[in-house]
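Engineer: Can you keep this structure in mind? I'll have questions shortly.
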Amino acid sequence: MTGVTVQSVTVLGAGSWGTTFAKVLADAGRDVTMWARRAEVAAEIRDGHTNSRYLPGVELPSRLTATSDPAEALAGAEAVVLAVPSQSLRANLTGWRELLPREAILVSLAKGVELGSLKRMSEVISEIAEVPSGDVVVVSGPNLAKEIAQRQPAAAVLASADHDRAVAIQQASFNSYFRPYTNTDVVGCELGGACKNVIALSCGIASGLGFGANTMATLITRGLAETARLGAKLGADPLTFAGLAGVGDLVATCASPLSRNRTFGERIGRGETTAQAQEAVGGQVAEGVMSCQSIRELARGVGVDMPITEAMYRVCHEGMDPVRVGAELLGRQQKHEWS
Ligand SMILES: NC(=O)c1ccc[n+]([C@@H]2O[C@H](COP(=O)([O-])OP(=O)(O)OC[C@H]3O[C@@H](n4cnc5c(N)ncnc54)[C@H](O)[C@@H]3O)[C@@H](O)[C@H]2O)c1
Ligand SMILES: O=P(O)(O)OC[C@H](O)CO
């Protein structure tokens with residue numbers, strides 16, 4: 001696929017990032033149709049140019065339209081952006097499979113690893129849509145939706161083994177505030193995006209417990225070290241973790257109160273239950289809560305040590321006290337920084 005121009009794009013999923021990425025594409029001059037699960041959300045986007053539940057106070061471009069009918073949304077799409085949470089991607093995509101235009105470029109926004117199969121999102125898409133996984137374009141990087149929806153400057157990575165497809169989406173999404181770079185390391189970009197959600201949970205917990213900058217920097221740096229260890233084992237390019245999908249996304253997510261993962265962790269650190277923490281993120285997805293389980297299994301399966309991910313699993317899925325988990329993390333056997 002060379003020199004393809006994408007004009008007509010469908011975004012499946014009308015949550016925070018789906019709506020924001022649709023706005024980015026519309027602001028880049030594309031014709032964008034969104035699919036929303038609820039008819040009233042589709043009507044609000046189409047007729048009122050807002051999505052008040054997910055992006056309160058943000059006006060959406062009038063060239064962006066929406067429907068709750070997936071067949072109507074997908075008709076004639078040259079690119080299809082999948083913008084639903086990781087653990088629901090398989091079921092949603094199975095329902096849409098027969099409606100996908102044959103030549104459309106498939107784009108993944110989700111940051112997670114599937115429970116059970118332990119597959120990355122491009123692998124799930126490849127399996128369900130029956131396309132080579134190298135054809136999928138993965139979007140990753142420091143992209144807190146609310147900031148980008150306000151047209152604050154940001155960069156992203158578009159990763160695909162098929163450089164031409166990544167370039168086509170780069171051309172379709174580049175605008176005055178959004179600067180996408182291409183990358184061919186899909187494994188590294190997807191792992192960076194999934195793992196940083198787990199590390200952001202830990203930073204949130206540390207903040208909720210009242211700890212400061214040294215603790216955050218330690219969790220971010222050691223979180224990057226364990227992410228890079230997993231990536232190296234699974235064939236990622238180590239440089240990716242020094243880029244936007246690695247340290248870039250990690251810093252943004254771990255530092256920002258806008259992050260749902262960090263917010264979830266902060267509430268846990270303050271002593272709230274997981275149900276209360278979920279309430280605090282307004283029913284939106286905090287992917288790290290499920291991904292700490294799948295990433296832990298993935299890492300154990302290939303013999304990679306990921307102590308912060310292990311700790312988050314124990315807090316989120318075994319109900320262990322964060323103070324005790326923190327003490328155990330610090331008390332592990334002493335070692336060389338890079339062993
Ligand atoms: N919000 C961000 O800042 C941001 C930025 C980059 C990447 N991401 C990633 O993008 C993906 C989507 O995130 P989001 O922020 O749009 O999520 P969200 O929780 O704000 O919205 C999810 C959307 O998916 C729909 N959906 C369809 N099937 C669903 C199901 N079975 N369960 C739950 N929701 C379902 C919801 O109705 C909603 O429209 C996630 O993997 C997230 O990690 C988010
Ligand atoms: O709000 P979060 O924690 O899901 O993070 C959003 C984005 O992934 C940041 O890049």
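A Cβ is built for glycine as well, from the same backbone N, Cα and C atoms used for every other residue.
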Engineer: Could you look at Lys111, Lys119 and say which one TrEMBL places alongside Arg260, Asn261 in the substrate site?
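Structural biologist: When TrEMBL describes the substrate site, the candidate it includes is Lys111.
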Engineer: Which of Ala145, Ala225, Ala228 shares the NADPH site with Ser16, Trp17, Arg37, Arg38, Tyr54, Lys111, Arg260, Val285, Glu287 per TrEMBL?
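Structural biologist: Given Ser16, Trp17, Arg37, Arg38, Tyr54, Lys111, Arg260, Val285, Glu287 bind NADPH in TrEMBL, the matching entry from Ala145, Ala225, Ala228 is Ala145.
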Engineer: Within 10 Å of Arg260 (NAD(+) binding site) (Cα to Cα), which of the recorded positions Arg37, Lys111, Gly141, Lys196 do you find?
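Structural biologist: Of Arg37, Lys111, Gly141, Lys196, within range: none.
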Engineer: Between the Cα atoms of Asp249 (sn-glycerol 3-phosphate binding site) and Ala14 (NAD(+) binding site), what distance do you get, rounded to the nearest Å?
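Structural biologist: Taking the Cα atoms only, Asp249 (sn-glycerol 3-phosphate binding site) lies 22 Å from Ala14 (NAD(+) binding site).
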Engineer: Which of the three DSSP-derived classes (helix, strand, coil) applies to Ala14 (NAD(+) binding site)?
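Structural biologist: Where Ala14 (NAD(+) binding site) sits, the three-state DSSP reduction gives coil.
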Engineer: Taking just the CA atoms, what is the gap between Tyr54 (NADPH binding site) and Ser16 (NAD(+) binding site) in Å?
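Structural biologist: Given the Cα positions, Tyr54 (NADPH binding site) is 5 Å from Ser16 (NAD(+) binding site).
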